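J.: Below: one structure in C-alpha cells.
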Amino acid sequence: MPSIDTAGAVLRIDLEALAENYRIIQRQVAPATVAGVVKANGYGLGAEHVAATLMDAGCRHFFVALLGEAVALKPALRDGVSLFVLNGLQPGAEGDCAAIDAIPVLNSLDQIVRWARQARTLGRRLPAVLQVDSGMSRLGLSPEEVATLVAEPERLDGIDLKLIMSHLACADDPDAAFNDQQRENFEALARHFPDVPRALDNSGGAFLKRGHFDLVRAGIALYGGAPQGSPNPMRAVVALEARITQLRNVPAGAGVGYGLTHGCDRPTQIATIPVGYADGWPRHLSNVGSAFIKGIRAPIIGRVSMDSITLDVTDVPDILLYPGAPVELLGPHQTIDAVAADAGTIAYEILTQLGQRYCRVVGAATVPHKRSITA
Ligand SMILES: *Cc1c(COP(=O)(O)O)cnc(C)c1O
C-alpha cells in the first residue's frame, strides 16, 4: 500500500465513528437487531476491519452480495456470527456455499430447488433466507411463487428458514407512500411463514417512523452516509486529504485542463492536486466540485483528469499554499453526500469507487501530517 509520502492523498477510515454509527442505528431500531451490510468490500472501506469493528460493537449478522465475497470474508468472522449472501445461489455454487456455512438468500423457486437438493446430498438441513418481492421488482419470489411454495411446502424440505426478507425501493424518502405499500405487501407475504423472523429495512428504512421487524440490514448509514437526506444523524467515517503538487499563476484569459473547458476571467492562482478519476474522484465534478483548504472553498476548475485536479485557489491566503499543503476533499467541510450531489450521484457510489492509490489510514482519528515548507 502507498505510504503517506508516496501516495497522492490520505484516506482516513475512522472505525470509532463506524462503531458509533452502529450504536446509533441499534438505538433507533430497538428491539430489532442490526446486521452489517459489508458487500463491495464494506462499501469500499475494507470488509475485514469493518466487520471486526462491528463484531466488537456487538454485531452478529453480516450480509454480502456475492458468494465470492463471503468466501473472502468468512475467515475473519468469529464463531456464532452469521454470514448471508444477498444474491443467493448461482447454479453450481451450492457446494461452495454450504462448505463455508454461508447462508444464501433464496430469491427464486429454482434456487430453493437447488438448495434443497444440496441438503439431501449432504444429508443435513441447510439454513437459508427467503426473499420475497414486495414491489421493487429486483430480487425475490413473486406473490405467485410464494403461493406455490405455500401450496407445496415440501419444496422447503431440508431447508431451515432463518429469515424472511424483502427490500425497500424508496426508503431514502420518508414521504414516499410506496414505503407503506411495500410494508403491507411484505407483511401479507411473510404471514405465510409465521415462525420465521422478518427483515425489511435498510439504512433508510431504519429511520422510517414505524416498527422495524426483527432484523435491519444497515449499509450506508454505518459508513456515514445520510440514510434519508438532511439532517444526517450519522458520524462521518471517511476523510480524504490530498497534498498540493504544484502552484501556478496564470493571467486572465488562460484556459485550464483538457479541452480548455475553463477560461480564467481574472488573474488566477491554480493548485494542482494528485487525485483524479482513476482514484474514484468523479469526472462529473469537472468545473463543478470543490475542495477546501483550511475551510476555504477552492472550486475545481477545468476537467478532472485521470491523476489530477486543478483548483482555483486565488481566494485562499498564500500562507496556506505550498507544495505538500493539505487539501480537504472529504472531511468536516465536505461530506460524501455533498460530493455525490455535485457529481449527480449518491454517496454509495463515491464510497465504493474510492481508489486503491490512497494511503489508507485505518482506525486513527487523526493523520500525522508532515509540513514541508521548503520553498
Ligand atoms: C445493499 C443492501 C442493503 C443495505 O442498504 P443501505 O441503503 O446501504 O443501508 C440492504 N439490503 C439489501 C437487499 C441490499 O442490497
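Positions of Cβ are set from backbone N, Cα and C atoms, glycine also.
Annotations for this protein, taken from TrEMBL, read as follows:
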{"type": "MOD_RES", "residues": "Lys39", "note": "N6-(pyridoxal phosphate)lysine"}
{"type": "ACT_SITE", "residues": "Lys39", "note": "active site, proton acceptor"}
{"type": "BINDING", "residues": "Arg138, Met306", "note": "substrate binding site"}
{"type": "DOMAIN", "residues": "237-363", "note": "domain 'Alanine racemase C-terminal'"}
{"type": "ACT_SITE", "residues": "Tyr258", "note": "active site, proton acceptor"}
J.: Given the recorded positions Arg138, Tyr258, Met306, tell me which ones have a C-alpha lying within 10 Å of the C-alpha of Lys39 (N6-(pyridoxal phosphate)lysine).
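T.: If one measures from the Cα of Lys39 (N6-(pyridoxal phosphate)lysine), no recorded positions come within 10 Å, so the answer is none.
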J.: What's the CA-CA gap between Arg138 (substrate binding site) and Tyr258 (active site, proton acceptor) in angstrom, rounded?
T.: 40
J.: At a 10 Å cut-off from the C-beta of Arg138 (substrate binding site), count the other C-beta atoms across all protein chains.
T.: 11
J.: Measure from the Cβ of Tyr258 (active site, proton acceptor) and count the other Cβ atoms within 10 Å, all protein chains considered.
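T.: Result for Tyr258 (active site, proton acceptor): 13 neighbouring Cβ atoms inside 10 Å.
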J.: Taking Lys39, Met306 as the recorded positions to compare, which has the smallest set of other Cβ atoms within 10 Å?
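T.: Met306, out of the recorded positions Lys39, Met306, has the fewest neighbouring Cβ atoms within 10 Å.
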J.: Rounded to a whole number, how many Å is the Cα of Tyr258 (active site, proton acceptor) away from the Cα of Met306 (substrate binding site)?
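T.: Between the alpha carbons of Tyr258 (active site, proton acceptor) and Met306 (substrate binding site) there are 11 Å.
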